[in-house]
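The transmembrane segment annotation in TrEMBL covers B:29-47, B:112-128, B:134-155, B:208-233, B:273-293, B:300-324, B:374-398, B:430-452, B:473-492, B:596-618, B:713-733, B:772-790 (among others). The domain 'NADH-Ubiquinone oxidoreductase (complex I) chain 5 N-terminal' feature in TrEMBL is assigned to B:65-113. The domain 'NADH:quinone oxidoreductase/Mrp antiporter transmembrane' annotation in TrEMBL covers B:129-417. Among the features that TrEMBL reports, domain 'MrpA C-terminal/MbhD' is placed at B:637-702. Sequence annotations record features per position, and here TrEMBL assigns domain 'MrpA C-terminal/MbhE' to B:713-791.
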Amino acid sequence: MFDIVMRISLLILAVSTLMYFYRLVKGPTVPDRVVALDAIGINLIGMTAVISVVLKTNSFLEVILLLGILAFIGTVAFSKFLEKGEIIENDRNQ
Amino acid sequence: MSFLHLAILLPFMAAILIPLFYKQLKHIHTGWFVLVVPVILFVYFFQKIGPVSKGLNDYSTANWIPSLGIQFTVYADGLSLLFALLISGIGALVVLYSIYYLSKEKEELHKFYVYLLLFMGAMLGVVLSDNLVVLYTFWELTSLSSFLLIGYWHTREKSRYGAVKSMLITVFGGLSMLGGIILLYLITGTFSVREMVIQAAVIMEHPLFLAALILFLLGAFTKSAQFPFYIWLPDAMEAPTPVSAYLHSATMVKAGIYLTARFTPVFGLAPEWFWLVGGIGILTLAWGSFNAIKQTDLKAILAFSTVSQLGLIMSLLGAGAAALHFESLDDNLFTVAAVAAIFHLINHATFKGSLFMAAGIIDHETGTRDIRRLGGLMNFMPITFTIALIGAFSMAGIPPFNGFLSKEMFFTGMVNLLEFDLFNADTWGILFPVLAWVGSVFTFIYSMIIVFKPFTGKLQAEKLEKKPHEAPLGMLISPVILASLVILFGIFPNILAASIIEPAAASIYPFLLEDGEKFHVHISHWHGFSPELYMTIGVIVLGAILYATQSKWKRLFKLFPEKLTLNRLYDQSLHGLESGSEKIQKFYMTGFLRNYLGIIFIFTAALTGWALFAQSAFSFKAESNAPIGTYEVVLAVLMTAGVVTILFAKSRLTSIIALGSVGYGVALFFVLFRAPDLALTQLVIETITTALFLLCFYYLPELQKREKLAFKVNNLLISLGVGTVVTLIALSANSQRVSKTISEYFIENSYKEAGGKNMVNVILVDFRGFDTLFEITVLGIAALGIFAMVKLRMSRKEQS
């Protein structure tokens with residue numbers, strides 16, 4: 001029973017990721033894609049957590065934390081890029 | 001080491017010292033110091049005549065590379081001694097002549113004499129070496145020093161052309177000869193010529209025999225300017241005249257003759273040897289003499305006449321090989337051919353040397369060598385005229401000069417071939433005397449041109465650069481000595497017979513002699529009324545008639561199309577090779593990375609695919625595979641979607657994001673397959689890489705196609721091929737595991753041996769720490785490289 005629930009939730013996560021993928025591919029604007037990517041990252045966190053439960057291991061908890069940080073940093077970086085055209089501001093560039 | 005070794009090395013040692021003399025003693029002509037070397041050598045070799053003619057051959061060995069069977073072995077028998085005497089004797093005369101020919105003030109004498117001494121030592125090494133590798137070493141040294149000497153006046157374009165041409169052709173032959181030497185070594189297991197002669201029967205029956213023979217003859221024919229390789233010799237006439245006299249008439253071009261004579265006992269029994277050596281020789285004789293007539297430059301005439309006379313000697317050696325088919329000397333008709341070859345070799349060296357020197361004197365005193373501008377020099381240069389007359393009449397074969405005797409013996413040898421009943425010689429053999437006779441008629445004509453065109457007739461003073469006058473005495477000494485030898489050998493030929501010709505013939509026919517038996521050679525002026533005599537009379541009569549009427553038939557030469565000459569063929573093929581290789585290079589060196597990648601991928605896919613197919617290595621066994629779960633399928637679909645997005649993305653940004661999603665997918669696969677460390681690293685690295693891509697994306701220039709990448713069928717096919725082949729290999733490899741993995745060891749020992757529970761990290765830093773060390777190094781280098789690229793470019797910009 002538990003296993004089936006886990007599988008169903010994983011399936012739902014996968015379907016939602018696929019739909020985010022559709023958004024990622026289709027666009028139409030770049031911010032749409034960035035948001036989709038961010039959501040995919042969060043979905044990945046969920047999937048990793050579910051898989052850890054299925055595999056009965058706690059080795060992947062670091063992965064979950066890291067994904068959270070990276071998804072945040074990545075989205076911020078993208079946003080800054082879209083806003084200013086560059087990620088790390090440098091005096092030399094101005 | 002023996003004195004013989006020292007004799008070979010003496011010119012090399014002198015060559016080291018000569019520039020010193022040149023720098024320190026400016027007021028004395030350097031040639032005087034050089035002259036000592038060949039004189040010492042000549043005296044040394046001269047006193048060897050006695051022992052060698054008694055059959056006491058000098059033999060000695062010095063270690064060079066004994067582990068490879070390469071020893072500096074010297075061997076002086078009759079044949080070697082004859083050549084050594086020619087080299088040192090004519091060498092001395094040429095050095096003497098060059099002292100007066102080359103100006104102390106205008107020429108770089110040290111270079112000239114260093115090259116000349118190098119050549120002399122190399123040539124002595126060729127004729128005295130018994131070890132074939134050593135012989136080959138000296139052989140290439142003669143090519144090299146000859147190249148340097150031909151290009152001595154290196155500011156002239158024609159000198160350089162001639163030098164390169166002779167280098168290419170003789171080195172081609174030299175390399176072929178090296179191939180022949182290696183084949184002979186494979187057959188006999190030795191590099192020694194003497195041991196090869198003993199094993200002649202073994203060599204004859206070996207399957208590699210024919211290849212060795214042809215490669216050897218290529219070496220001999222290119223060096224001795226035989227048909228069709230004679231073309232370098234006329235162009236080598238751009239060298240200073242002493243060089244032409246020494247190298248291109250008396251010594252270097254006879255290295256091929258020496259080699260042919262030396263290997264007659266090894267290869268001589270083969271029909272190929274008889275036909276190739278004899279046939280090419282006689283063809284060269286006729287062709288060279290025919291071409292000599294149309295030349296207008298004195299040295300060019302002499303060059304073609306050298307070609308023709310070398311052909312004569314070569315054909316005699318070929319005919320002489322017929323003698324090997326007889327058991328003994330009794331009634332052996334064909335030994336006369338080899339004897340004639342040796343005799344003519346000596347004669348040719350004497351008269352051709354004197355003729356070249358005479359031509360050099362004419363050039364030196366009038367400023368031209370063109371026979372159309374020369375005439376009536378007899379009254380101004382009586383001594384030179386006498387020298388040229390003696391030399392040319394000897395070359396034409398007129399009694400009482402030595403050329404007459406060897407020409408008679410030549411005809412005897414050729415006529416005797418009619419009685420040789422092996423290798424179809426009884427039918428085709430008639431060509432030999434006929435071509436020999438025709439060639440001799442042409443020889444007579446050009447010999448007359450050499451004497452009479454410059455010296456008789458009217459003086460055309462207005463066409464000459466200088467006022468003609470007799471040469472200085474010093475310049476005349478050498479040709480006078482050579483011309484005296486022509487007469488001496490002509491009147492008393494038998495002083496050569498017992499001392500030099502007999503031992504030389506004995507080395508060509510080592511098996512024909514019984515123990516203690518000696519060759520007996522007697523050269524007589526009068527053989528009675530034999531066919532040879534009528535042939536000689538015919539040559540003189542027809543030659544004289546043709547010479548007198550040459551203005552009428554010389555137009556024939558103009559009919560000969562210039563396009564069909566071998567020189568043209570050489571130039572065209574050289575040009576063709578150059579442009580052809582350029583075309584090939586341009587075809588595949590396009591400068592486009594995509595083409596190179598295409599080639600690399602095609603070959604990877606085709607070769608590995610072919611290897612899979614040829615070894616029938618396909619094998620798909622699914623029983624050992626793990627079951628495929630839902631998660632894997634879903635994740636694979638996700639990643640495929642990402643990859644397809646990359647391929648069909650319309651903008652770069654889409655590709656980069658899709659690439660990032662593929663990387664995250666990989667990280668999720670790592671999670672699925674229980675690799676937490678990999679997953680962590682993959683996530684971080686993927687994020688950084690994506691950020692870096694975005695960085696690059698920002699700096700791309702505005703001008704770039706935003707639209708879809710152009711679709712190319714070729715690229716599709718290549719990528720499909722590579723993908724298919726790699727997949728096939730992966731599947732086949734997975735189903736054919738031959739041994740267990742070694743991971744059991746790590747599982748058991750990572751805590752026991754290394755004290756760590758994280759096995760991946762234990763492997764990385766304990767079991768296989770070396771890899772980690774160098775991967776750290778790679779990262780360090782990459783970081784430094786990026787820093788350097790960014791920084792250094794900036795500083796260069798500031799400078800400019």
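Heads up, the Cβ atoms here are built off N, Cα and C, so glycines get one too.
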Same chain, outside the transmembrane segment (B:112-128) by at least 6, Cβ under 8 Å from its Cβ: which residues?
4, 7-12, 14-15, 18-19, 22, 30-31, 34, 37-38, 41, 74-76, 79-80, 83-84, 87-88, 91, 94-95, 98, 102, 134-135, 137-139, 141-142, 144-146, 148-149, 152, 240, 242-243, 246-247, 251-252, 255, 258
Which listed range (B:300-324, B:374-398, B:430-452) shows the maximal number of Cβ pairs under 8 Å with respect to the transmembrane segment (B:473-492)?
B:374-398
Below 8 angstroms Cβ to Cβ, which residues of this chain, lying six or more residues outside the transmembrane segment (B:273-293), approach it?
213-214, 217, 221, 225-227, 230, 260, 264, 267, 301, 304-319, 321-322, 414, 417, 423, 425, 431-432, 435-436, 438-440, 442-443, 445-446, 449, 550, 554, 557
Among B:208-233, B:374-398, B:430-452, the most Cβ pairs under 8 Å with the transmembrane segment (B:300-324) come from B:430-452
Give residue numbers and ranges for long-range contacts of the transmembrane segment (B:29-47): same chain, 6 or more residues beyond its ends, CB-CB under 8 A.
3, 7, 10-11, 14, 17-18, 21-22, 81, 84-85, 87-89, 91-92, 95-96, 98-99, 102, 104, 109-110, 113, 116-117, 120, 124
The average per-residue pLDDT within the domain 'MrpA C-terminal/MbhD' (B:637-702) comes out at 84
Secondary structure content, the domain 'MrpA C-terminal/MbhE' (B:713-791) (per DSSP, counts of residues):
64 helix, 0 strand, 15 coil
Composition by DSSP (helix, strand, coil) of residues within the domain 'NADH-Ubiquinone oxidoreductase (complex I) chain 5 N-terminal' (B:65-113):
32 helix, 8 strand, 9 coil
